[in-house]
Amino acid sequence: MEACFLRWLLFVALTSWALGDDGQVTFESELSSKPAQKLSKYGWYASVRLQRFHIPEQTAVARWLFSVKKGHSFNCGQHNVSIHLRWGAPPVINPTETVFPNATLWGPSLSLILAVTSQSSTTFNLSDPAPGDWFVAAHLPEDDGRIEQKGFPSCSYYFQPQLSVRRAADTPVLQPGTVLTQTAAPDRPARLKLFVPEFTSCLSVSVAGCSSGEALESAGCSLLLRLGSASLQHSQTELNCSGVSCTASLSNPPWDSWLRVVVESSQVNQTVTFRIGSNFTVGCKPKSVGLTAYDDITKLLGKSSVSNATATGNVSAPAPPPPLASPCVWSVPVLYEELDVLSLRYTPVNSSNVSVTETHPTLLTYPLPPQATGGTLNLQLTLNSTNATLGNNSIVACFSAWAPVLQLNHSEPCRTGLFMGYAVGINVSVPKAMVRLPFPQSTTWYLTLQLLCNSSDCGNASVVSVVPEVSVSACVDDCGPYGECRLLRSYTYLYSACVCSAGWKGWGCTDGSTAQSYARQLTATMLLTLSNLFFLPAIVVATRRSYITEAFVYLFTMFFSTFYHACDQPGAAVLCIMDYDALQYCDFLGSICSIWVTILCMARLGDTAKYTLFLLGALLIAMSMQLDRKGLWNLLGPILCAILLMVTSWVYRCVRRRHCYPPSWRRWVFFLLPGALCALIGVCLYVFAETESNYYYTHSLWHILVAGCVVFLLPPKEKDRKALGWSRGFSWSWRWSWRPRMWPPVP
């Protein structure tokens with residue numbers, strides 16, 4: 001409680017300055033905190049602890065406090081905690097430096113390293129952060145492959161992020177064509193906001209009439225003009241104004257959004273007064289192609305239903321749209337379809353084929369909802385096979401967010417005013433191109449297509465048909481043949497990741513640097529399955545000694561352990577005769593019941609007591625397996641209880657007979673001690689020595705040791721003890737005789 005109070009006090013102290021006011025706007029402070037979560041060593045993305053924070057509009061400063069605390073006091077060594085921060089979508093991380101799938105691109109994120117001793121914390125400040133969702137991910141270093149049994153004490157680290165924001169509540173709005181008078185001091189910058197409407201091609205913000213103190217229109221006013229917000233994916237547009245006036249221009253600003261304007265002064269102990277205004281330029285407004293006001297939803301759905309059939313490109317392209325009065329941009333309407341969780345599809349309304357020309361760019365718009373940011377945004381461009389006249393010319397495309405790039409040529413880069421886009425090109429030699437964006441940001445994405453000719457005249461290639469396919473899937477290429485796509489959840493936020501098998505790794509399970517060969521997979525399967533045949537000697541010994549119930553338990557364990565490990569293997573050498581979960585449950589149940597009945601058999605209890613404990617123990621073990629199948633005490637609990645009963649029975653016999661029990665030293669030397677040694681080594685291997693790399697060998701040895709200790713520890717049959725039920729053995733007599741019936745003779 002004291003540590004929590006001190007941490008919260010530190011957090012409040014770090015944000016106490018937010019209560020100030022700079023005289024022009026009113027600031028408010030907001031605090032948010034997430035519960036502490038246990039960190040894991042990085043194996044795949046599910047090992048990451050993901051938290052989501054929301055930063056409101058017009059936030060001046062955001063401060064994160066990251067705290068990490070050890071959960072145990074014993075020596076765990078020193079580990080570095082990796083913290084990743086990204087705006088708009090979860091961070092795409094690669095701590096193991098694996099190879100990403102082809103055509104996979106991602107946005108950068110901020111990474112911090114926090115060295116942890118007993119309790120550590122660090123802060124991260126960000127001025128003028130972009131509003132919206134921010135994601136924080138934390139994890140320990142790469143997993144060393146050691147398999148830790150659940151319930152055994154281990155090093156644990158708990159991560160807790162907290163956020164403090166300072167928000168401007170009444171920021172002045174800069175209207176186009178309106179001039180505002182503002183003041184800025186070294187510690188109190190002027191903050192404004194302006195709304196950028198759709199179709200804006202250029203934005204300009206001008207500062208004029210700078211005055212400092214009594215010197216009007218002095219040339220010594222040094223102002224820094226900043227446009228935009230900090231989001232770690234891009235930098236703000238900055239302009240140093242050393243004179244009395246300056247103008248900052250921003251081409252292709254983000255459409256339909258609020259833009260932050262900050263003016264700072266570097267005049268020492270002086271307040272600078274200035275006038276500021278803004279202006280927009282609308283180059284053109286895209287004209288819709290293939291959709292009129294009289295089209296209804298039935299017609300649209302009818303057109304989109306043939307998209308799959310025409311995706312191969314065997315259908316001729318639609319006729320080009322009529323020339324526009326003012327050459328600008330052709331906008332193709334797109335149908336948005338939500339198929340499943342993290343599964344969306346976008347289809348052009350008029351046809352899957354889109355006409356592309358040299359004179360006018362073709363624009364397609366793809367709105368991406370917030371719930372789709374946990375998946376992968378896929379773009380594939382395919383050249384229609386009927387475009388035999390394309391020649392050496394090419395089609396260029398720019399896939400951008402927040403605003404489109406409306407001019408595509410060899411000199412113009414694929415980027416907007418604040419964000420970088422993704423450039424794609426196709427031609428006759430490369431008729432298909434693809435871009436995969438894991439964890440895309442939630443906004444409107446724009447695809448601009450245009451035909452670029454090597455000469456001044458395109459010749460017969462004036463109109464080219466292209467098939468753009470845009471969709472959202474849960475994982476990159478469904479994780480390929482060596483992975484499985486898993487749906488993960490962080491509170492109410494859903495996202496997905498690939499879990500790889502057979503030594504494959506990477507974001508899409510395409511990195512085969514440590515992949516297992518088929519021979520190794522087959523060897524591992526054979527070791528883990530055939531090692532269960534060592535239960536056959538235990539079954540034979542139990543049958544010969546009239547322990548029929550115990551023999552059936554060993555047979556049950558051998559059968560389900562064999563087929564469970566045959567189904568549990570990664571890669572190609574897999575055989576599942578029933579549901580995996582059922583096989584695992586029966587394997588765990590049979591293993592513990594085998595140990596339970598063996599130790600109780602060694603206790604030499606009466607038949608009534610022994611079979612009662614057999615049944616009671618099996619029921620309790622079955623219940624505990626259902627509650628926590630992999631808990632360490634599910635194994636140690638029955639073992640300790642059975643040993644306690646056995647020791648109690650042996651002590652009772654020793655006191656009653658006044659002689660050590662078992663009485664024969666040969667029994668101790670040749671059977672009990674070797675059996676106990678096998679059991680001890682097996683338990684130590686199972687608890688301490690198993691890793692992912694040696695699992696095939698250590699777990700197979702565990703099977704052999706457990707089966708071997710049963711042969712040594714199973715007591716001999718008692719000759720003087722009255723048998724009950726199955727313990728009497730297979731002994732019976734059967735007699736058969738037949739004598740024909742004699743009928744009296746017929747008189």
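Glycine is treated like the rest: Cβ placed from N, Cα and C.
Keep in mind that TrEMBL annotations are predicted by a computer and have not been checked by a curator.
What TrEMBL records for this protein:
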- 1-20: signal peptide (SIGNAL)
- 498-509: domain 'EGF-like' (DOMAIN)
- 522-540: transmembrane segment (TRANSMEM)
- 547-566: transmembrane segment (TRANSMEM)
- 582-602: transmembrane segment (TRANSMEM)
- 609-627: transmembrane segment (TRANSMEM)
- 633-655: transmembrane segment (TRANSMEM)
- 667-689: transmembrane segment (TRANSMEM)
- 695-714: transmembrane segment (TRANSMEM)
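Long-range contacts of the transmembrane segment (695-714) within its own chain (CB-CB distance under 8 A, at least 6 residues past either end) are made by residues 147, 523-524, 527-528, 531-532, 534-535, 537-538, 541-542, 545, 547, 550, 554, 561, 565, 591, 594-595, 598-599, 601-602, 671-672, 674-676, 678-679, 681-682, 685-686, 689.
Against the transmembrane segment (547-566), stretch 582-602 shows more Cβ pairs under 8 Å than any other of 522-540, 582-602, 609-627, 633-655. Same-chain neighbours of the transmembrane segment (522-540): 516, 551, 554-555, 557-558, 561-563, 565-566, 568-569, 573-574, 696-697, 699-701, 703-704, 707-708, 710-711, 714, counting only residues six or more beyond its ends whose CB sits under 8 Å from a CB of the stretch.
Contact between the transmembrane segment (582-602) and the transmembrane segment (667-689) is absent: fewer than three CB pairs lie under 8 Å, with pairs separated by 6 or more positions in sequence. On the 0 to 100 pLDDT scale, the domain 'EGF-like' (498-509) averages 90 in this prediction. Secondary structure of the domain 'EGF-like' (498-509) per DSSP, as helix, strand and coil residue counts: 0 helix, 4 strand, 8 coil.
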